[in-house]
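Per TrEMBL, these features apply:
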type     : residues                                               : note
ACT_SITE : Asp244                                                 : active site, proton donor
ACT_SITE : Asp422                                                 : active site, proton acceptor
BINDING  : Trp156, His289, Trp292, Asn328, Trp388, Lys416, Glu420 : substrate binding site
Amino acid sequence: MLCPWHRRVISRPPGHRRCLCCHGAMDPRNQPVDTAHPPGNNRRVRCRSRMVSSIKNTVFSQTTMGWGRSPQSETTMRPSSVLAALATGSLVAAAPSHKQQRTANGDVNPFEGKTQFVNPKWSAKLDQTLRSFLFRGDVLNTLKTWKVQQTSTFVWVSRIADLSNIDAAIADARKAQKWTGKKQIVGLVLYNLPDRDCSAGESAGELKSSENGLERYKEEFIKPYAEKVAAAKDLNFAIVLEPDSLGNLVTNMGIEFCASAAPIYREGIAHAIASLQYDHVNLYIDAAHGGWLGWDDNLPLAAKEFATVVQMAGEGKKVRGFVTNVSNYNPFNAVVRENYTEWSNSWDESHYASSLAPHLTAEGLPAHFIVDQGRVHLPGARKEWGEWCNVHPAGFGTAPTTKTNNTVVDALVWVKPGGESDGQCGMAGAPRAGEWFDEYAQMLVKNADPSVFKWF
């Protein structure tokens, strides 16, 4: 039938008495009962919003379901065929289950046998992206966006006021765990060091060492942070510690601000490690990325810096491992080796983890990694490895998984929520760091790795 308001062909499943596009009532002959759409743009927006709700909430179950890939291209797939298949459930398939496995040295990978937490707050931001595609009649990318919304991402806690994000994540993870019966592992980012982002400045934080920042960090940020996760023993946590901090102490000590911040960084992170020693909490120190610390001369220096901080945390204090590529764009397994990686053995993040691992072991540190694949640049997108701000073209990277084909890598994860700007740089029209950048989010959906839609 033709939706009288959107002038679009919409398929109607047998017995369905409302238009799948706008929920307008239909008589038994498939004709709209009321074709007089009230004038005004606001009414039109509300009508289309109901279509979003129909696709997301009525047609789909909010569980681990997906679709089988269509052989048709984005330009030839008909909206009517997609919606009809969705309505009848013919594109739904169950996700596989994973048994807990041990890593090469016998210890248990904390991600195995668990479901990575899907952050509903980030998913809700993508509603804007979904509607953007929907308004243009791009049904396939609308559905792709919905699938991205079901993908796990880490929850960022970047200032004292954001501590409530932990409470919300715990409450939502408990609901998901109760509903699905699957153990949840919640990804959190701890990111509020005094004098943060000493070399770039785009993500400078609220605390300054010159204004009692370190003491506030310990008492007002780390202490309640630890109390909240300690109380949630029914969940597991993977916590990323202070992105971009220790990497600056390896390579940027020539910058006066970084040199003065170095003892603050070390003491702050060591205190965080010591405060988060719980069996259900797995700590991953940020290890920058292959283009930063992956060069042969930097690898041993990085391992020594990490060892210094862990030792400062106190005897018996430990971390699970390290996280790489946070908020960056390097692929885990590069399909094309970029020219700027020619002289590096760490030319993608899998190679970086393998290159850094023996140096960590030499320092008595655990050689376990998680790798951020939330955003990955397309081949040829960067002229230099140092380009980090809203790199384009890019897409959502490999879907979170423990199937990494690298024995030192626990899991691929999405730490940086795609769609949030890196700053007012890189791609034209970029807003301030952390603000939603919908044009960028749309690009990420269009260029997303096929693994994100493996049941599509």
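Cβ atoms here come from the backbone N, Cα and C positions, even for glycine.
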Would you mind reading off the Cα separation of Glu420 (substrate binding site) from Asp244 (active site, proton donor), to the nearest angstrom?
17
In terms of Cα spacing, which of the recorded positions Trp156, Asp244, His289, Trp292, Trp388 are within 10 angstroms of the residue listed as 'active site, proton acceptor'?
Trp388
Report the same-chain neighbours of Trp388 (substrate binding site): residues 6+ apart in sequence with Cβ closer than 8 Å to its Cβ, ordered by sequence.
Ser327, Asn328, Tyr329, Asp422
Looking at the recorded positions Asp244, Glu420, Asp422, which one has the fewest other Cβ atoms within 10 Å of its own Cβ?
Glu420
Consider each pair of residues in Trp156, His289, Trp292, Asn328, Trp388, Lys416, Glu420, all listed by the record as binding substrate, and report the largest Cα separation in Å as a whole number.
23
Cα distance, Lys416 (substrate binding site) to Asp244 (active site, proton donor), nearest Å?
13
Non-local Cβ contacts of Trp156 (substrate binding site) (under 8 Å, 6 or more apart, same chain)?
Asp162, Asn165, Leu188, Val189, Tyr191, Pro417
By a simple count, how many Cβ atoms lie within 10 Å of the Cβ of Asn328 (substrate binding site), its own Cβ left out?
26
Taking the Cβ of His289 (substrate binding site) as reference, which residues of that chain separated by at least 6 in sequence fall under 8 Å from it?
Thr324, Asn325, Val326, Asn328, Asn330, Glu349, Tyr352
Near Trp292 (substrate binding site), how many other Cβ atoms are within 10 Å of its Cβ?
25
